[in-house]
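In what follows, a structure is listed as structure tokens, so that the remarks can point back to it.
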Amino acid sequence: MSVAVLAFGLNHTSAPVSVRERVSMPVDLVKPALEGLRATFGGAVREAAILSTCNRTELYCAAEGQVAEHLPAWLAEHNRLEAAALRPHLYRHQHDDAVRHAFRVASGLDSMVLGEPQILGQMKDAVRAANEAGALGTLLHQLFQRTFSVAKEVRSQTAIGAHSVSMAATAVRLAERVFGQLEDARTLFIGAGEMIELCATHFAAQRPRSMVVANRTIERAETLAGRFSAQTMKLADLTERLAEFDVIVSCTASSLPILGLGMVERATRQRRHRPMVMIDLAVPRDIEPEVGRLDDVYLYSVDDLGRLVQSGTDARRAAVVQAEAIIETRVQGFMHWMQSREVVPVIRDLHQAADDVRAAELERARRMLARGESPEAVLEQLAHGLTQKYLHGPLAALNRSEGDERRQLLAWVPRLFPGRDSRR
């Protein structure tokens with residue numbers, strides 16, 4: 001059965017964070033998930049990769065056609081969810097649509113922040129994880145290599161990433177809405193990954209009163225804090241120290257909330273109801289959503305920031321048209337490569353058949369020479385034998401055919417045997 005490229009999953013436009021966090025896969029769970037996927041479908045899934053970020057969880061597969069119908073059930077079962085509840089949020093792309101989707105994702109056209117560059121690195125990490133899991137083959141390897149090339153071309157030839165309003169910059173603006181200038185604000189960053197580093201960079205530019213980094217691994221917190229002359233603290237100290245901070249930005253890989261309603265409620269009482277801005281960029285969420293109901297807390301999720309970011313994308317809309325044109329050209333190029341792969345086995349078989357004929361006729365010629373026959377007669381017989389053997393198949397097909405089939409075969413003769421006019 002033929003193998004098709006398939007892209008399947010959900011993202012920030014198809015599913016709210018409450019759904020995305022339930023199918024999000026930390027890096028250490030990607031390999032077991034790929035193994036489970038291939039074990040479930042056996043040889044029907046030839047190759048696979050999983051891209052899981054705050055804004056999307058997607059599967060890219062080289063698979064037989066019937067696999068697509070069963071992927072929603074697999075994803076639901078893998079995450080212990082009801083398929084009926086998950087299905088409305090899922091999308092599926094096949095063939096050139098799947099290739100187009102991969103190119104758009106890597107180029108930042110499908111991102112919550114139009115043109116944001118982080119997604120390309122995240123996709124490269126996903127490909128690396130799939131390769132380490134032994135789940136990549138020729139087709140997906142070629143797809144992703146072309147995907148990275150297209151993303152680079154789009155960014156170098158268009159203004160898609162120019163003046164990008166980042167999530168980190170938006171987080172600063174939200175804090176400024178509540179506190180005005182941030183010179184007196186005490187800021188806490190929970191986590192030490194790329195997003196926290198970006199946020200810390202933007203907040204540091206506003207010269208807040210203090211910056212503290214809390215992380216499960218204190219060494220990573222110290223490395224990040226050292227860049228901004230910030231302090232560090234242990235996650236275990238959050239309960240006692242949370243009330244100190246005016247702005248909290250959190251983005252960890254925790255599968256469970258770090259800040260619960262009770263903890264934050266106690267902190268607001270200790271602060272005598274001075275406001276707190278809490279920005280949760282994690283998926284799954286680090287802060288229980290019920291915290292947003294507290295009068296003195298301004299809680300923003302990654303989806304809230306995404307909606308605010310969209311207002312800053314108008315200046316880049318013109319670049320989208322140019323980017324889409326580049327992508328469309330490259331999609332057609334990839335599909336041509338895929339189609340050319342289909343004839344490779346046929347070409348290989350033709351070469352083998354021709355080589356078998358050559359070897360047989362050559363051996364016959366050697367025997368004739370060994371019997372003392374003249375070289376001229378041997379060459380004549382060799383040429384005649386090769387001609388007869390090579391033409392036997394086409395001539396037999398023509399003789400057996402009739403009607404439309406014969407007309408089609410006759411039309412192909414000049415293309416298969418160029419240099420001679422067809423005589424009918």
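Note: Cβ is positioned from N, Cα and C throughout, glycine not excepted.
Record features (Swiss-Prot):
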type	residues	note
ACT_SITE	CYS54	active site, nucleophile
BINDING	THR53, CYS54, ASN55, ARG56, SER111, GLU116, PRO117, GLN118, GLN122	substrate binding site
BINDING	GLY191, ALA192, GLY193, GLU194, MET195, ILE196	NADP(+) binding site
SITE	HIS101	site 'Important for activity'
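Taking the centroid of the Cβ atoms of GLY191, ALA192, GLY193, GLU194, MET195, ILE196 as the NADP(+) site, the other same-chain residues with Cβ within 8 Å of it are PHE189, GLU197, LEU198, CYS199, LEU224, CYS251, THR252. Straight-line distance linking the Cα atoms of HIS101 (site 'Important for activity') and SER111 (substrate binding site), rounded to a whole number, equals 11 Å. Of all the recorded positions listed here (CYS54, ASN55, PRO117, GLN122), CYS54 has the Cα closest to the Cα of GLY191 (NADP(+) binding site). Between the CA atoms of SER111 (substrate binding site) and ALA192 (NADP(+) binding site) there is a gap of 22 Å. Taking each Cβ in turn and tallying the other Cβ atoms within 10 Å, the top scorer among the binding-site residues PRO117, GLY191, GLY193 is GLY191.
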